[in-house]
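See structure below.
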Amino acid sequence: MKIKNYKIYASLLSVLFTASACTQKLDEPVPANEQLILTNQVGYENNAPKKAMIRTSADLFQIKNSNGKTILEKAAGSKQYSSLSGDTIQSIDFSELTDKGEYYIIVNDSIISNKIIITERPYAELAKASLKSFYLNRSGMKIDSMYGGIWARPEGHPDTIVYYHSSAADKNHSENSIVSSPKGWYDAGDYNKYIVNSSISTYTLLFAYKSFPTYFSELNVNIPESNNKIPDILDEALYNLRWMMTMQDSFDGGVYHKLTTKNFEGFVMPHEAINKRYLVQKSTAATLDFAATMAYASRLFADFDTSLPGLADSCLIQSEKAWKWAVKNPNILYKQASDINTGAYDDTDLNDEWYWASAELYMATANNKYNKHHKNDDINITTPGWRDVNTLGIISLLTSDMKGEYTELKDIFLKNIDQLIEIENNSPYRIAIMKYEWGSNSEFANQGIMKLLAYQITKNSKYLNSARESLDYLLGRNATAYCFVTGFGSLSPMNIHHRPSAADSVQEPVPGFLVGGPNLIVPNDCGSDVIRSTYPAKSYADEQCSYSTNEIAINWNAPLVYLTSGIDAYGKGSKEE
């Protein structure tokens, strides 16, 4: 088990305040439980709003540069109590500070923040790392040191010999017969591959490219496919998409729910995890999610037919075939077999899957037979998640060539985002969340997608600035004082629930992963060894055993890619539509 070693700054400053002002060094990192000044630990854009939070009583705050010179002195905001964290919070706004550099926030002459960085593009490396993490989590591929650095590893799970589980057996596929289903990403901290979660994750990367094509066409994250004629983000999405295509039954079009071992593997490296892997039953949820993703991919990759001949056509064919199976089997819910004990990704309400799949197929084909499944009176705008995918159909419609048909939908969508912002503006931590559940951090990342889309539609800066607030939360301006992305910030997760990170010989976890974050639904996943806070916003543990708060997942990282890249694209000045 890896030891805990919080990251500190790469270089230390030598300047001290005078003894009468304080006894703490400027460069001395503050432990999470002692951190009274909460900041975005990665950095702030020089020409964007800048806010931090203090959880102590103060009338004024100061900003000093690395030489100890006072640059700004200003009144702190009014006090607000947060019942979710037990903190009394004051917001401090230093947006007028636009000079690039390294600074510190000081309150009451003695309390010093960790270093804050103001620069033109603070999220450029974070955007790259969040995308690169997908490559580092590939199944069926050796991670070469040329691309993976110290996180290089042997190939694991080629998945050329996968067995049909009894739940997947039928007249065409006998139990324990063999199928090949290579490629794809490991889903989370485990080594299995799930269609439901792969669908929203792959779609999010494809949608990110569609939203910021200029930015991603110029982005090189050093993967084996870099420097071909395809943007790296699409190459990465394709690695998973091609696996997904193998999960469809060629006889009837149904899609198998997952490829899995019967039980979770131990904390070993991929090539050491050698238990048999199985395709399990088909489900309507997996089939509709598959249909939606393939339909969207067919539209996007039509622009790359020279480099990827036939791919767009194949995606659409498989999408329509999946739809036909779903129509014949409209409510086949996934039921975990008694001998399968891995992630279920079960769902009992499929209305949102029907909405998403029908919307995508309508846009891909213009066939009105799909149109009836996503009428405006069925609108239920929620933050996207694998169980709630209707909003994926909505954002596709609002950015498609058919968007003129959906002006009412646009108004409803924007009203929803306005409501989120109103909640944020009245929240001590400036967040729009009332419950901390599994993957709470993904709620903020996916809200960020919706806000950036609202900005794209309206060009109203309040939406872009609100997306920045979502990112501020994830990068340290939260009740735990953690930057929730591995490898970034002054205090980031070191002991993530991720098998390769735990089993390799590298102390640092694979970088660029967003951990799940505070979760009071499962408060005792580590047993009595780790006591988590009873406050929802603080119920987080940087422990490998804490699968409910410290695991990583592709459906959490995909919106992080979108959010960081989108903000960086606008900061860079990319010419996006």
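Just so it is clear, glycine is given a Cβ too, placed from its N, Cα and C backbone atoms.
H497 (active site): 25 other CB atoms within 10 A of its CB, across all protein chains. Feature annotation from TrEMBL assigns active site to H497 (among others).
Residues or ranges marked as active site by TrEMBL: D542 (among others). DSSP assigns D542 (active site) to coil in the three-state reduction, outside any helix or strand.
If you look up TrEMBL, you'll see E551 (among others) marked as active site. In the three-state DSSP scheme, E551 (active site) falls into the strand class.
Summarising the annotation, TrEMBL assigns domain 'Cellulase Ig-like' to 36-109.
The domain 'Glycoside hydrolase family 9' annotation in TrEMBL covers 123-563.
As annotated by TrEMBL, signal peptide applies to 1-21.
Of the recorded residues, D542 (active site) and H497 (active site) place their C-alpha atoms 9 Å from one another. Separation of the C-alpha atoms of E551 (active site) and H497 (active site): 4 Å, rounded to the nearest whole number.
In this structure, H497 (active site) is part of a beta strand by DSSP. Look at the domain 'Cellulase Ig-like' (36-109): DSSP puts its residues at 0 helix, 38 strand, 36 coil. Taking the Cβ of E551 (active site) as centre and 10 Å as the limit, one finds 22 other Cβ atoms among all the protein chains shown.
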